[in-house]
Amino acid sequence: MSGSYTPAPGGPFSALTPSMWPQDILAKYCQKDPGTEVELQYDEFGFRIDSEDGVETRKWLCGDGAPQREDPQQRLRWQAHLEFTHNHTVGDLTWDKITPTLARSDRLRSLVLGGIPHSMRPQLWMRLSGALQKKRTSDISYREIVKNSSNDDTTAAKQIEKDLLRTMPTNACFNTLTSVGVPKLRRVLRGLAWLYPDIGYCQGTGMVVSCLLLFLEEEDALWMMCALIEDLLPPSYFSSTLLGVQTDQRVLRQLIVQYLPRLDKLLQEHDIELSLITLHWFLTAFASVVDIRILLRIWDLLFYEGSMVLFQVTLGMLKIKEDELVSSENSASIFNTLSDLPSQLEDGAAVLGEAVRLAGSLSQENLDTHRHKHLAYILAEQAQLNSNNSHSLNTNLNKVVRRQNMRRKSTLSSLLWGEDEVEALKAKNIKQTELVAALREAINRTAEHFHCLDPRNCSTDLTPDYSMESHQRDHENFLVVSRNRRRRAKALLDFERHDDDELGFRKNDIITIISQKDEHCWVGELNGLRGWFPAKFVEILDERSKEYSLAGDDTVTEAVNDLVRGSLCPALKAIFQHGLKKPSILGGPCHPWLFIEEAASKEVERDFNSVYSRLVLCKTYRLDEDGKVLTPEELLYRAVQSVNMSHDTAHVQMDVKFRSLICVGLNEQVLHLWLEVLCSSMSAVEKWYHPWSFLRSPGWVQIKCELRVLSKFAFSLSQDCELPTKKEEKEQRPLKEGVQDMLVKHHLFSWDIDG
């Protein structure tokens, strides 16, 4: 490359793939001025060398163990093997002449155990793992994956952004946002989260990907991860449940009983839970756990033999330190020794040698038997804790399914010649299945959020009711007014109790309102105590047909906002966009919000005058804001108008309006009824959607049943949280207007605390 710098052989960054060479740092190394010194020193892999261990590191680099200092005899043995098995014609053997997969043999395994020459690792890893075969036979290209995932504004994408600089902070390729590896890491992780929607993003994948990127191009790194996820590791290794890696921890514990009985006795005597340490080893495939030079030797074997290597290496590491562990005096010493064990290893060949010597007899058949047994135990335990999630648990046991992508004709060819009907119909059916699966996943994740944070929701049934009677009950339930007449409020800040007739509370406490006779001072009850408090210090809760939950309040629990606006709303928008008619080339905009506006208006215009008068009554006199007056149609119309009024002044996009409307529907517990209202507006639906769309087909009924599950949870989401905050509306402490009046009344009047 013109104007680029190349690392010195054996020097800093010399073991990295050329695209990862940090040019800004190499430029400093290549400066001719002998008086100029680089502030930080880096090793051949780009890791920062600390001053206290710099001498030891340089000694290691000068030894025979450095990967770039290849043994000529070792390289010749690999070349001879490849020539013998692949070169059947006269001429030089090149990588493009070698098949995508290498035939397994004792000779090949022996070569892998002896180590792969570092310069040959990128090509051999791709072939040993099967990643190259996946890359060449995939229906979707890496470019398409990046394009599709770049617009995937999900919770996973936000979490990836937070973790980019945490993944490998001591490596020059990943320690700042401008580092050469960070954009690559972002694209690969977002691509994996899009490619495997059932998995999403797991922090363990970030560790593995960052290490792969040091030696492979980003496209190859993605396909290596596909091989790991689909073939080399069991299902659900990186899923939200971590069932696969949890199972392997129990299998490891049983193997220790068999192979390391002295260590097993020690762990039992001191009641040490080994998985607290080793789960991270397995989840990251030892990336960021052991020294990078040892990791390369482990991965050589892992990509050839699969997950069995994780057990063999762990057993070998424990065997090396067994005597030291057994001689430990107490539990703390044992735990610390186990935690520090990987960082104390220096010889990769010794680790692999001990692993093969001790656990070389371990077979894949034995491993699978152990896994099936312990997986059954885990599922039985989790089923007892939450029988309602048995469906999601069983789903996680299935083989990991990659998202499919149907290649479409260009817009011009579609206009001129149309689409192949059979292919188009197949693509639409597959797309509909994916849309429902994505929505169901978003709903289940939201429900699990409530299960984890609010114990009252643990017994909530998440199974959609598809019966005909359920639709009749929807409207009956909507018309039933809650008999719970108590009013409650949430504390906006702390209020300290000074007198016996005052009610003290902390921010976010839930207070039962006893009296609101006075404008400034209310009487309430909390934890069996009654007293007065400033009305401005609390906010009335919206609990018409529900009981307030902190898990659904985005001012208290920020995660619920990410789940709804970052996961549920995109899934719903995809359904509303499916089959939406595109405008002509010179036509206007096309967005689900425009359809919602029109359908909502059409449903209320039949009796517009009476509806308008009721809306005015509700707004002016607060008459029946709990649904006794307003029907679902009227609530939808009112919500659309409210969103437009608040959002138009901020000039936000229609995507934001759509997400805000979904939040209102969740607050009102009528999201499923609103879908029915919209799909029942046939004139608007036929105008905006193709016949094969969800909203014009009977498929919308299934979507309604899925959404009904969310009506079982109490949401308190802000409609305007995505709007820019005005300066004059910045948060203020509610201690200004009216507080003087409240204090005067407190001293001049006696309060009837008992109401």
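The backbone N, Cα and C atoms fix where each Cβ goes, and this holds for glycine too.
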With Swiss-Prot as the source, which of 14-40, 338-364, 419-445 is set down as coiled coil?
419-445
Segment confidence, the domain 'Rab-GAP TBC' (115-306), expressed as mean pLDDT:
92
Please spell out the DSSP helix, strand and coil residue counts for the domain 'SH3' (484-543).
3 helix, 29 strand, 28 coil
